[in-house]
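Here is the structure we will look at.
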Amino acid sequence: MNEKLSTPSNITIERKLNHVEICLHGNVSFEGTTTGLERYAIEHQAVPEINYADINLSATLLGRTIGAPLMISSMTGGYHEAATLNRQFAQAAEHFRIPLGVGSMRQALENNEHRESFAVVRKAAPSVPVFANIGAPEVAAGLESSQIETMLDLIQADGLIVHLNAAQELFQPEGNTNFHGFLDQLASLTAKTPVPVIAKEVGSGISAEAARLLIDAGVKVIDVAGAGGTSWQKVEEVRYIKRFGNENRFSPEALNELLNWGIPTATCLEEIGRLKKNHPQYQPIEIIASGGIQSGIDVAKTILLGASVAASAGRLLKALHEGKLLQTIEMWLNDLKAVMFLTGSLSLEQLQKKRMTLKHLPT
């Protein structure tokens, strides 16, 4: 097994536990950087000419019909407590017939003991798309075919997410910042993986140029995971300070900008939308919009900006912690349905053709 995956598994477990606790209780949202979705206003249709009861929220992703254009994004796994979280997320995904991504499966490759925390997902969500997940540093180091098979078989995965987390690794106390050779290894991975590969940022966004490189390496779906939601730099900075104290790694003048580093979600969608429009070979690529999604109106705006589905992690984690996961998803779908009614859209295909205008926001 490669050097990266030989890291003691108890360190990985501690990190994953820290991540959930910090995301639930810490102040780790972007400051001064928003998703950019608030800049848009969806045009009202005073004469909708439809029956609200006839509105259909169903969508497609990778050829699969799903109940709505929403995905429960990758969060956690690989330790005992994660089994309960993942089971509940999977039950919600099955209830609403929406896709689900698991957290990084590196731990499943390091230690057989905690594989059940991932396996529970497919048991609880037998009929919806479920996606495996591994990090870019692990891909750059080289994954064996047997390791890929282990991840996919464990959850009977419909796709493999490769998460791109350079900014997170930079701030992580035990981070791996060696991304050299990643694109070549990604091309090798996509060639030998029997399911589609999804490239996903974790909160700093994917530009059109990065999307082009990823697509050319064989990626079929881009999850932009733009800035405006959870800053994983802030999550890791909390862990760093707890371990080493308030030791200065970066100049005070730069630290705030680095903690809030990233491309807003809306900007990512705009850029990749232009890439697809101007280059026919990229048009089949599907887009997942995540990074700061807070409501069904945000979901609607991402659909109008070219996404196939929107996805959320942090907001839904908090909803689960509050015992309101199903209620929150239900409200978001009601939000989306309201927008569709007020734009005269019976389907998502019709919604995609509606207009948005840029608001004049105060400076």
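Positions of Cβ are set from backbone N, Cα and C atoms, glycine also.
Sequence-distant contacts of Lys16 (substrate binding site), defined by Cβ-Cβ distance under 8 angstroms and a gap of at least six in the same chain, are Thr76, Gly77, Gly78, Tyr79, Ala82, Gly103, Gln107. Secondary structure from DSSP puts Lys16 (substrate binding site) in a helix. Annotation source Swiss-Prot lists substrate binding site at Arg15, Lys16, Ser104, Met105, Arg106, Gln168.
According to its DSSP assignment, Ser104 (substrate binding site) is coil. Taken from Swiss-Prot, the feature FMN binding site covers Ser73, Ser74, Met75, Thr76, Ser104, Asn133, Lys200, Thr230, Ala313, Gly314, and the record attributes it to sequence analysis.
The C-beta environment of Glu169 (Mg(2+) binding site), restricted to residues of the same chain at least 6 apart in sequence and closer than 8 Å, consists of Pro137, Gly175, Asn176, Thr177. In the three-state DSSP assignment, the secondary structure recorded for Glu169 (Mg(2+) binding site) is helix. As annotated by Swiss-Prot, Mg(2+) binding site applies to Glu169, with the evidence given as sequence analysis.
Summary: among the binding-site residues (Arg15, Arg106, Lys200), the fewest other C-beta atoms within 10 A of the C-beta are counted at Arg15. Ranking the binding-site residues Ser73, Ser104, Gln168 by other CB atoms within 10 A of the CB puts Gln168 at the bottom. Ala313 (FMN binding site) is surrounded by 25 other CB atoms, counting those within 10 A of its CB over all protein chains shown.
Residue pairs drawn from Ser73, Ser74, Met75, Thr76, Ser104, Asn133, Lys200, Thr230, Ala313, Gly314, the listed FMN binders, are separated by up to 19 Å at the Cα level. If you draw a 10 Å sphere around the CB of Met75 (FMN binding site), it holds 25 other CB atoms from the protein chains shown.
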